[in-house]
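*Asks:* OK, TrEMBL features for this one:
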type	residues	note
TRANSMEM	40-59	transmembrane segment
TRANSMEM	71-90	transmembrane segment
TRANSMEM	96-118	transmembrane segment
TRANSMEM	139-162	transmembrane segment
TRANSMEM	198-220	transmembrane segment
TRANSMEM	240-266	transmembrane segment
TRANSMEM	278-295	transmembrane segment
TRANSMEM	362-381	transmembrane segment
Amino acid sequence: MTVKVILKNVFVVSLAFTFLFTAFNSMANLQTSLNKEDGVGAWSMSTIYVSLIVSCMFLPNFIISRLGCKWTIPISMIGYILFMGANFYAVKGTMIPASIILGMGAAPLWSAKCTYLTQIGVWYSKLTNQDQDGVINTFFGFFFLFFQTSQIWGNLISSLVFTPDQNKTDSGQCGAAFCPSDAKGNGSDNFSQTSDKVYTVCGIYIASAVIAVIIASLFLDQITLDKETKAEDRKLSPQLLVSTFRHLFSSPIQVMLIPLTIYSGVEQAFIGGDFTKVYPPYTFCLFISLFVFLFHPKFEYFFPLYLPMYFRKFEYFFPCISALYGHLFSDKAEAAFANYRLWESLGFAVTFAYNDYLCTDTKLYVCLGVLGTAVICYTIVEVMAWRKKKYSADITN
């Protein structure tokens, strides 16, 4: 594989994921608003992350060893299309099975993407005589440069379709004062949409996801991994599940990282499940896209000042958690990152599960409680890591 072909494949992977998550991220942001009846949206999102937990433990190596990285990516994307298609008739009978399929495909999808970029990064470093870690980091940086724009495009689409002719906001029912039970009782809702608009958005998002599948299928090159495929990888095995919990019970640092990792899922689920529903709907798009900021400049509260600062933090916080795991557990990366996916997905699943049962102020207290616990435990992690480093230095000297 030549240098140009490698760079082309980095671009293809990045573009395909951007099209896919332009659709999925925005659809996920809208679930608790569009599909609020019987908690269908919240339960479907919770189901995605529960099935993702199971998938992470059993499927990635099995699927990749049989299909290869190239075909694992577009085939796994089909689950996302089914999920978005289920939104045309959003009841538990369609959304829950679609969510299970999506969650089961998500782990192989992301594992294949990471493996693909890492492998071609190794080849590129050898062809160009560059530092291997530096090249891989650059490839992942380029990927996330594209990927993070998916929130912009997706929310632009939903903003264009759903922007009402008139804005009617009842401040007493918004923000921390919002309770799902009150909304059900008095019919107050700040995001009621006609079916034709919902179908329009679903159709656009499905088209975007189909484009992602086509891009990955036609333009992404198949690769053969340098790492030899083990026989156990070609069959379903609980090996990763066992190593995940063995690592958890044998590493005090990993135990102390659990609250921080759970908070990662709790916070993202709160933003996607509550913020888009309980505050006037255009405010979420306000800090996601400049378009909405320019054409809705009259929002009088503090969000225009706060939200850019929040997303500045958001930009660094979650990549730093991944980097922290890689730094602390470089010798047990597979088991460590399985723990990361496990506890973050648990945070997502639990937060979406109680979404329709707690008032927003209670959810905020939960977020603050988990965050406070995470800060305390992370401080302990820093002390433990410092002592470990000091002990290693003393032995060396």
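Using N, Cα and C of the backbone, Cβ positions are placed for all residues, glycine too.
Unlike curated records, TrEMBL annotations are generated automatically.
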*Asks:* Hey, would you say the transmembrane segment (198-220) packs against the transmembrane segment (71-90), going by three or more CB pairs under 8 A that are 6+ residues apart?
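*Replies:* Contact between the transmembrane segment (71-90) and the transmembrane segment (198-220): present, because at least 3 Cβ pairs are under 8 Å.
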*Asks:* Same chain only, please: residues at least 6 beyond the ends of the transmembrane segment (40-59) with a C-beta under 8 Å from a C-beta of the stretch. Say none if there are none.
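*Replies:* Same-chain residues near the transmembrane segment (40-59) but 6 or more away: 28, 30-34, 83, 90-92, 95-96, 98-100, 102-108, 236-238, 240-241, 244, 265, 269, 272-273, 338, 341-342, 345-346, 348-353, 355-356.
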